Amino acid sequence: CSEDAVEALSETYDLCVGGDCFEMLQQTSSVFKVIPYVKVFARVAPEQKELIMTTFKIVGRTTLMCGDGTNDVGALKQAHVGVALLNAMPPAQIGDSSSRTSKLEPKSGKSKKSKLASDLSSSVGVPYSNVGQARSKTITKREPTNPSVRNSLTAAEKQQQKLKKLMEEMNQGDDGRAPLVKLGDASMASPFTAKHASVAPTTDIIRQGRSTLVTTLQMFKILGLNCLATAYVLSVMYLDGVKLGDMQATISGAFTAAFFLFISHARPLPTLSAARPHPNIFCAYVLLSLLGQFTIHLIFLISSVNEAGKYMPEECIEPDSEFHPNLVNTVSYMVNMMIQVATFAVNYMGHPFNQSIPENKPFLFALLAAVGFFTVVTSDLFRDFNNSLKLVPLPEALQWKLLLWASFMFSGCYIWERFLRWVFPGRILGLKKRQRQAQVNLQKKQA
């Protein structure tokens, strides 16, 4: 069959392949021509499942496999992400069945079911190896019946007893019979284990994976911009006698630590977006974003320091001399604080993957605290506080210039970042090229 004909057919119809048709494709060596365009596979053997996963991986696809039995182990191990499904009722049906049979069960059993539902509300479980270790440690111990002994249990022993109860309830159905699939069949071959037969955890894995990727990407961008600005301050400006005091560096480091802590608290959105994040940090979007924002920051920093130098008397400051408060040091510290706040606010990746800045309350409060701190020290409202930070008063004309230039700096970085996100949307390229290369390599092996 022709690959172009299959591709044209897949654009009009959703292709489906059964086990018998799959055997025919293997005999005619047309697996790489057809499989990448198929959307539904039905009635396939375990070996064929594994071959489907390897075919998708060879042509450059990212695979996720769900399985509930030993016949899925091979495909689960070949997939990039494997999710083992326990053949039990979903949480919603468990609640319905417990409510229907509540008249036939005692009150103690009903409370036990409700407690179990609250403990197992999470959709994706822990890896099987950790569960197995917990079982091996807890099966040999029994809960003491003496109240005095029970009160003297350590926290670790209480946790082991809780895990033992959860494992017993997970391995037992609502009707008292064991489920069709226990932990150990497909769980050994997959890093994730769902606690019911629903495939809903797959979307949770994708959402959380995208959130982690976006957070890592923005962390690298923020670290890169901070390192470039700090390198310029500690190298070029240090030779001109510009340096920071101990208290100034401490407060700046405290705000940086708070920003990094709260920026990682952003949760993924409940709905899965059609847009994709950038798969790596070495791309045109990241490089252009760093260069553009650093250029704007550098212009703002140099212009502010030069403007402050006009109000300074002519003197030669040695780089290795002790720190003495002056106007240039004060302006450089304030500008660094502005650049730091702008870097975190502009490069924060919110929608459509994570919570936005207003939704991430801790990060929003940290930004507002930094803006309030900058406003207080710039306006010189509390002179004693500025003296403790070794900040000298700013001329009124210089205050307005700093505020105006800071707004221009933030607006320029924000517009540049949004423009690059529009020009370079996240997408995965080269699928067809990888597919043709895989087909050529297969033909060379067969020859």
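Even glycines carry a Cβ here, placed using N, Cα and C.
Positions annotated as compositional bias 'Polar residues' by TrEMBL: 145-154. Look at TrEMBL and you will find 92-160 tagged as region 'Disordered'. Residues or ranges marked as transmembrane segment by TrEMBL: 220-239, 251-269, 281-302, 331-350, 362-382, 402-424.
Looking at which of 220-239, 251-269, 331-350, 402-424 has the most CB pairs under 8 Å to the transmembrane segment (281-302), the answer is the stretch 402-424. Highlighted: of the candidate stretches 220-239, 251-269, 402-424, 402-424 has the greatest count of Cβ pairs under 8 Å to the transmembrane segment (331-350). Cβ atoms under 8 Å from those of the transmembrane segment (251-269) belong to residues 207-208, 210-211, 215, 218-219, 222, 226, 244, 333, 336-337, 340-341, 344, 348, 350-355, 359-360, 362-363, 365-367, 369-370, 373, 389 of the same chain, restricted to positions at least 6 beyond its ends.
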